[in-house]
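Have a look at the structure below, then the notes.
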Amino acid sequence: MRMAHVADVHLGHALMNLRSREEAVMETFERLMEEVRECSVDVLVIAGDLFEHARPKTEALYLAVEKLSELKEDGVEIVATAGNHEIRRRKGAVSPISVLERMGLVRHLYYSERRPERHRYTATFDGVRVTFHGLQYLPKNSFVERAKVIRAKYRPDPEADVNVAIFHQALPGTIPDESEIVEPAYFPEGHDYYAMGHVHVPSREEKIHGSPAPYPGSPEPLTFLEVKDERGAHKRRGFFLVEFDRGGLVEYEFVEVEWSRELSVVEVSGERWEEELRRRVRRGQIVKVVAKDTGASPEEVEKVAIEAGADRCVVELRERRREVEEGDETEGPLDLEGIIREGVKRARAATLTRVDVPDDVVVEVALEILRGVREDNPPDLGDVEGIVAGEPPSEGSEESSEEPEESDGEEVGLEVEEVKVESRGTSSEGMSRAGSKLGSSGRPSLDRWIG
């Protein structure tokens with residue numbers, strides 16, 4: 001039997017609030033679905049974040065219904081779990097994945113202490129019995145604290161020929177944010193294939209307990225950081241085509257899908273930067289220009305890019321520090337506040353978004369950080385970077401301020417002391433704290449995170 005593994009489509013995403021970016025994401029999704037249909041798969045697995053928002057835009061929902069309906073008409077089974085963008089944030093809210101299930105389009109898998117069998121679905125394809133086990137996204141701390149129950153509940157089905165586990169979590173080495181990384185030791189063992197989501201760049205190198213745990217990535221790059229690899233080449237985009245037989249996994253390969261190429265990162269440097277920029281910008285592109293040692297202002301660089309045909313332009317200046325020659329004297333102390341204020345001004349111009357936080361607040365926070373660094377006691381940065389960029393508060397901060405949903409009263413042993421990880425994961429001190437919290441009757445229920 002054949003399975004398509006996709007993730008992180010983010011229908012409804014619009015970089016810098018540009019309609020063209022929203023359309024690019026949808027158009028690439030249409031091409032992705034056409035490729036999936038051409039591969040004649042038996043099942044499509046969506047490993048989270050089909051949508052950008054828990055309450056998706058009408059056009060995004062309509063397109064998903066249209067394309068998934070076409071697959072269902074072809075006889076394709078669709079199995080999905082919710083990513084962090086689709087998790088309900090208040091009691092009584094409904095995930096868009098649940099809406100698709102109610103329409104008969106997908107099998108929505110998630111773990112709930114009230115409905116313990118919702119995480120598993122078994123079907124037979126061409127004589128191959130397959131059991132899918134799906135878990136909605138959990139913040140790292142929630143995943144680690146519940147590791148033992150997850151490992152117990154998500155054991156492979158011994159009666160199945162193939163077991164596929166679906167997770168929306170980040171493994172070590174996939175993203176730089178350590179607060180999101182979950183070590184493989186916390187995941188259940190024994191599955192033939194781990195269909196992963198949450199990481200936007202494709203990767204097939206990851207393993208969980210010796211089995212493949214690949215990430216298909218986002219079909220359309222969502223940020224400038226996702227456009228090119230370290231060699232400057234465009235990153236591949238697409239999905240994984242996986243083949244199983246009654247003996248388990250046969251093979252899996254990455255199927256490329258053409259994306260818009262609308263986003264571009266252009267690096268220019270030196271005195272001839274203007275000529276180089278005009279040559280490399282294509283009409284209609286949304287460009288991030290990294291200008292190294294040009295001596296130009298952001299406004300000058302942006303003007304040239306727009307004249308060359310760019311639709312929008314974000315500028316990043318990189319200037320080498322000029323060394324002070326022996327005998328030179330400075331005219332006084334650095335005006336840190338002035339430097340920061342100018343940086344905030346440029347950051348706001350570069351993001352092209354409206355920000356309600358006053359400049360004075362951002363400057364004061366930045367000065368406080370610098371004072372802490374100087375005292376060798378840096379404060380918690382929190383959402384400072386997001387404030388400057390005009391981003392909403394992080395999910396972590398939203399989670400901490402949210403009242404957890406009430407538990408259904410079912411007692412589940414959630415101690416995690418049997419799970420061993422390397423030192424780069426959660427510390428032993430942190431593990432013991434987690435263990436002490438989990439025995440209390442007032443623990444938050446996993447139902448809080450139902451997608």
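In case you wondered, yes, glycine gets a Cβ from its N, Cα and C as well.
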Mn(2+) 2 binding, same site as Asp49, Asn84, His198 - Swiss-Prot member from His108, His168, His191, His209: His168
Further binder of Mn(2+) 1 named by Swiss-Prot next to Asp8, His10, Asp49, taken from the candidates His200, His234: His200
Integer Å distance between the CA atoms belonging to Asp8 (Mn(2+) 1 binding site) and His168 (Mn(2+) 2 binding site): 9
Environment of Asp8, His10, Asp49, His200, the listed Mn(2+) 1 site - residues of the same chain whose CB lies within 8 A of the CB centroid: Ala7, Val9, His13, Gly48, Gly83, His85, Gly197, His198, Gly217, Ser218, Leu222
Distance, Asp8 (Mn(2+) 1 binding site) to His198 (Mn(2+) 2 binding site) (CA atoms, angstrom): 6
For Asp49 (Mn(2+) 1 binding site), the number of other Cβ atoms found within 10 Å of its own Cβ: 26
Three-state secondary structure, which DSSP defines for His168 (Mn(2+) 2 binding site): strand
Output field, Mn(2+) 2 shell: CB within 8 Å of site CB centroid, site Asp49, Asn84, His168, His198 dropped: Ala7, Asp8, Ala47, Gly48, Ala82, Gly83, His85, Glu86, Tyr137, Gln169, Gly197
